[in-house]
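Pulled from Swiss-Prot, these are the features on record:
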type	residues	note
TRANSMEM	16-36	transmembrane segment
BINDING	Cys24, Cys25, Cys76, Cys82	Hg(2+) binding site
TRANSMEM	46-66	transmembrane segment
TRANSMEM	94-114	transmembrane segment
Amino acid sequence: MSEPQNGRGALFTGGLAAILASACCLGPLVLIALGFSGAWIGNLTVLEPYRPIFIGAALVALFFAWRRIYRPAQACKPGDVCAIPQVRATYKLIFWVVAALVLVALGFPYVMPFFY
């Protein structure tokens, strides 16, 4: 038996990809702000070449999550998770938080020079 598709996996994938996309730039800044230093912080930029892949994966996952979350409630069977208004509202909130993370990942390299 397969579990019903409710968009949770796509939201998780989008959030994870957004975090990975900004890890190369945001990680060193956070560590420096917390007082950590050292030459090993430069090794965190090893993810930089993969940043476009992570951003692309995040955008694709967000597209599928958007399709699943913003479909009409009539498309859900009665008793399904997507038919409950509180769950739909929570998923929409999480979706927009993850979308904001992706926007931060997209814009962070352009804003980062102002912090260093």
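In case you wondered, yes, glycine gets a Cβ from its N, Cα and C as well.
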Cβ atoms near Cys76 (Hg(2+) binding site) (within 10 Å, other residues, all chains): 16
Cβ-Cβ neighbours of Cys82 (Hg(2+) binding site) (radius 10 Å): 19
